[in-house]
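Each remark here refers to the structure printed beneath this line.
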Amino acid sequence: MSANLPSTPVVGGDSGPPETHRQQSEFNPESNGETANEGTTNEKTKEANANQATKEQVGSHKDAAAVDLSQVELKAENLYDKEKVDIEAIPLEEVFELLQCTSDGLDQKEVNDRLQIFGPNKLESHEQNAFLQFLTFMWNPLSWVMEAAALVAIVLANGQGAPPDWEDFIGIIILLLANSAIGFYEERNAGNAVKALMDSLAPKAKVKRNGEWIEIESANLVPGDMISFKIGDIVPADCRLTEAINVSIDQAALTGESLPQSKETGSECFSGSTCKQGEAEGVAIATGRNTFFGRAASLVGEDDDSTGHLQKILAQIGSFCLVTIGIFVLAEIFVLYAGFRYQYRRGLNNILVLLIGGIPIAMPTVLSVTLAVGATQLAKYKAIVTRITAIEEMAGVTILCSDKTGTLTTNKLTIDRNTVKTFSHFSVEQVILLSAYASRTENQDAIDSAVVTALGDPSKAREGINLLDFKPFNPVDKRTEITYREESSGKVKRVTKGMTGVIIDLCTRNKTEDQEAALEQDVQELAQRGLRTIAVAYEELPGDDHTAEGDGFELVGVLAIFDPPREDTKQTIDDALALGVRVKMITGDQLAIAKETGRRLGLGDHMWPAKVLKDGPPANSEYNDLDGLILGADGFAGVFPEHKYEIVRRLQGLGHLVAMTGDGANDAPALSRANVGIAVEGATDAARGAADIVLTEPGLSTIVHAISQSRIIFQRMRNYAIYACAVTIRIVVCFAVLAFTYKFDFPPFMILIIALLNDGTIMTLSVDRVKPSLEPDTWDLAEIFAYAIAYGLYLTASTVALIVIIIETNFFQSTFGVTLQNSSATNVNDPQLHMIAYLQVAIISQALIFVTRAHGFFFMERPSFALMIAFCIAQLVSSIIAAYGNWGFTNIHSISGAWIGIIWVWNIIWFIPLDWVKFAMKATIIKSLRNRRIASVKQAAAAKEAIEMGVEQPQHTPLAQQLSRTTSRAASVHESFYRNRTNFLAKTMHKVGFRSKRVAFSPAEQRKFSAHGTRLSGQTLQKYPSGGGVTAGTQTRTTTNAT
């Protein structure tokens, strides 16, 4: 429906809905919803609202009726040109006319037709074909090399009188299918678990169909439906109210403001906002992506073209392995063919050994399964992972940017007992009790609820008194008032509460200049701390007439109202700081409120207003540029969506991995931009769609668990990455050296056996027991490759030394009485020697994982039960093959038990010093690499400090900056090939589907958007009338237009 609107995104505009700007003030009781009257019937209120709306419509309809709306082209320059159409003045009658509906609702046939035209009332989601998902596991550079090896075995190996190498071909295919099947199974399970949680979030709506009210899933709403909602309900679609009884709507999800907004007949209500008071009926004018949420979420943009961080790591590790293999394959081609004059088939077998054994074919699957298992574990804690690689990126998060309202705080107003100011002889408890008398006990607004809740027992608000009269808030008096008879004394008393200025003006009894000065000082002090205030006063009536004048109001006290932090928020922040993660508050609320919240949470009050993001640091500040200010600040207040987005972007530019928490549509752009976006419990669809992790239980404690869990998962992946690269070095260098020195022709099929057993064992790393780090983790590939080269060369030495001793000496034969098949003349390609090499490589290669997974000695960190069982089974199978394997097609022969024992002892002797190799690397090369990295970061920071404001950042940025996502797939084609292994969950989640052209609207246009949605829906219905049915071709066209 927005196809004809301009595609330039709004920048610097106010993204809040119109009602917010018409009613905001420092404290405006009009906004607190105190419009309910316990002494006035709902019918009178309803009639007054209807009369007021009718008057407004009559005045505006004169101009609107003179325009033929069907002739207005849907372009911004026409819709917002008041000389043509004043779209703010659309009366309700015209809404029904445009949407071709009545107050009796739609029938089912009409609903079905409109669903075909407008689509469901939900954000788009995409399902991936299971078979295609399985096939994608074989589409990455590492798999391509294995697939190429399979083609070599079946096509190129056919020659010189020998048949095709069917055994190797079948073995390679089995290896590929096994890896794909394991990865597919684990990822599918994770996807289904998360999808089940997402489905449980499906909202309901009360709608009138065929003249009767029924409850349906809100996804089935269409424009023209009559909907109803009451206190506590979520508004299911953008609507215009046809009936409104004391309605107050919480739009914090849109604006970040704490106080709800009053609504009346004819007002707009937006999808996702919450009804805090009253009940209402309305006509749906926009659904799905055409709602205000859908428009606001256009800032989120497309995310499918970005290459995730894990894809980049996979690409670089894959490149390391491919380059290593490529170098030695070329070396073998020159040496074996040009130097040794090998026959075609013999040389090809040696090349297959390097291709099959050197490629860490299981690496994408192992890392993907590790993440999938992590996603399933987090799902048990009610945390939905909508982008699987967010788990890995969470491990490296250095800054957590958090929205305040509804995230750090409860989004529920509360009376702070510690700040209650009392006057005269009244105590704090008496002030709260009297203010509760002057509050509603049913159908409460936010302030009444806060006051009554402060009593502890809500029944005390009417206990011991007989209600005689209650006057609700009204825009003129700006206060509430109750008249009651005290049961204990029989006296008639009157209590009022409201704006402090109004209440003090009412007071006449015991009023002094000192009292007024004290009140003003108290109000100013609380206002500086960001606390809103209401004053309370009371008077006694001389007789029994509750309508008579009293003896004059006396000031009782002042209550401070604030949005308190969640119970677990402070502990969550402390835990995050202990994990090396800084927390910054980014809120749309006032600066004073932000500072007060920061003080209560221990965040600090070093906060700045949003204007510094445009104007730069103040002249007298300690910061020379905006980046330094953003990095040093504890938070920012009064920000709009584009400000949040800019803050996250600049922090990323400074080399930080940023996580952003939020719950509203105004958080969606920053959630999408952040490395890890976290939507808290109760978040809107727009926020959940933009987030990478969605919490379905209240509180932020799950975030700390997610950080800790992500670091455990990161350690598992890092351990495997070192292991995989080391095995590549070990296989490629080892068998290339043996081929060059002894013309050792190791059979390719046995490399396949080693790879299958290794993969089966290594898969258990996804549930291995490891310790999370206390600092943010980063992929330091230089360290990984350094460890891998050291381990790989050491293991190569262990194998080469064994083969050299067997070939060049009789040590084992003379000492242990063992022999080879050709004992008379040493044959370097003896089938039993091949088996010895196989068993030695298989055992010590798998044992390496126990060294890479431990930070200290391997026996100091207990592995998981699954890893130990898998390792033991693999070693048992390897030993059985060595003892009984006699496969002529692969040129191996079984060996005696004595040889098996010799190989086990040999491997144990060589395994023990592996820890010393690790410690030596840490003390030398790894220490040097870390010092160089730290120096590079300091150098980049110093260069950044020297740059003048407004100048681009230096080219050489900190290493951590490399952790941000690649902004375009075109930036690295190689990286994008690994994308299919890490983004599978995105296709099963309830994701935002804003794939079409972006829409934009200025602050002025936003005020008119609701009317524009009505008009556009009407235009669509007029163009494709549903009464006559919708043809297949029409459905296709209209769906495209609507979406």
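Any Cβ shown, glycine's included, is placed from N, Cα and C.
Sequence annotations record features per position, and here TrEMBL assigns region 'Disordered' to 1-62, 1010-1043. The compositional bias 'Polar residues' feature in TrEMBL is assigned to 25-40, 48-57. The domain 'Cation-transporting P-type ATPase N-terminal' feature in TrEMBL is assigned to 86-158. Annotation comment: TrEMBL describes 317-339, 351-373, 720-742, 748-767, 788-812, 832-852, 864-885, 897-917 as transmembrane segment. Taken from TrEMBL, the feature compositional bias 'Low complexity' covers 1032-1043.
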*Could you give the residue numbers and ranges of same-chain residues that sit at least 6 residues beyond the transmembrane segment (351-373) on either side and whose C-beta is under 8 angstroms from one of its C-beta atoms?*
137, 140, 142-143, 145-146, 148-149, 152-153, 157, 165, 168, 172, 175-176, 179-180, 182-183, 186-187, 189-190, 310, 314, 317-318, 321-322, 324-325, 328-329, 332-333, 388-389, 391-392, 713, 716-717, 720-721, 724-725, 727-728, 731-732, 735-736, 746-748, 751-752, 754-755, 758-759, 762-763, 765-767, 978, 981-982, 984
*Using a Cβ distance cut-off of under 8 Å, indicate which of 720-742, 748-767, 832-852, 864-885, 897-917 has the most pairs with the transmembrane segment (788-812).*
720-742
*Under the DSSP assignment, what numbers of helix, strand and coil residues are found in the domain 'Cation-transporting P-type ATPase N-terminal' (86-158)?*
45 helix, 1 strand, 27 coil
*Hey, which bits of the same chain come close to the transmembrane segment (832-852), Cβ under 8 Å, at least six residues off its ends?*
719-720, 722-723, 726-727, 730-731, 734, 738, 744, 746-747, 750, 753-754, 757-758, 761-762, 765, 787, 791, 795, 798-799, 802-803, 806-807, 820-821, 858, 863, 867, 871, 874-875, 878-879, 881-882, 885, 891-895, 899-900, 903-904, 906-907, 910-911, 914-915, 918
*asked:* For the transmembrane segment (317-339), I need the partner stretch with the highest count of C-beta pairs below 8 angstroms, choosing only from 720-742, 748-767, 897-917.
replied: 720-742
*Restricting to the domain 'Cation-transporting P-type ATPase N-terminal' (86-158), report the mean pLDDT as a whole number.*
75
*Taking residues 6+ outside the transmembrane segment (864-885), which of them lie with a CB under 8 Å of any CB in it?*
753, 757-758, 760-761, 763-765, 767-769, 835-836, 838-839, 842-843, 846-847, 849, 892-895, 897, 899-900, 903
*the transmembrane segment (748-767) in contact with the transmembrane segment (720-742), cutoff 8 A, at least 3 CB pairs, sep 6+*: yes
_Same-chain residues at least 6 beyond the ends of the transmembrane segment (897-917) whose Cβ lies under 8 Å from its Cβ atoms_ = 790-791, 794-795, 798, 802, 812, 816-818, 832, 836, 839-840, 843-844, 847-848, 851, 854, 856-858, 879, 882-883
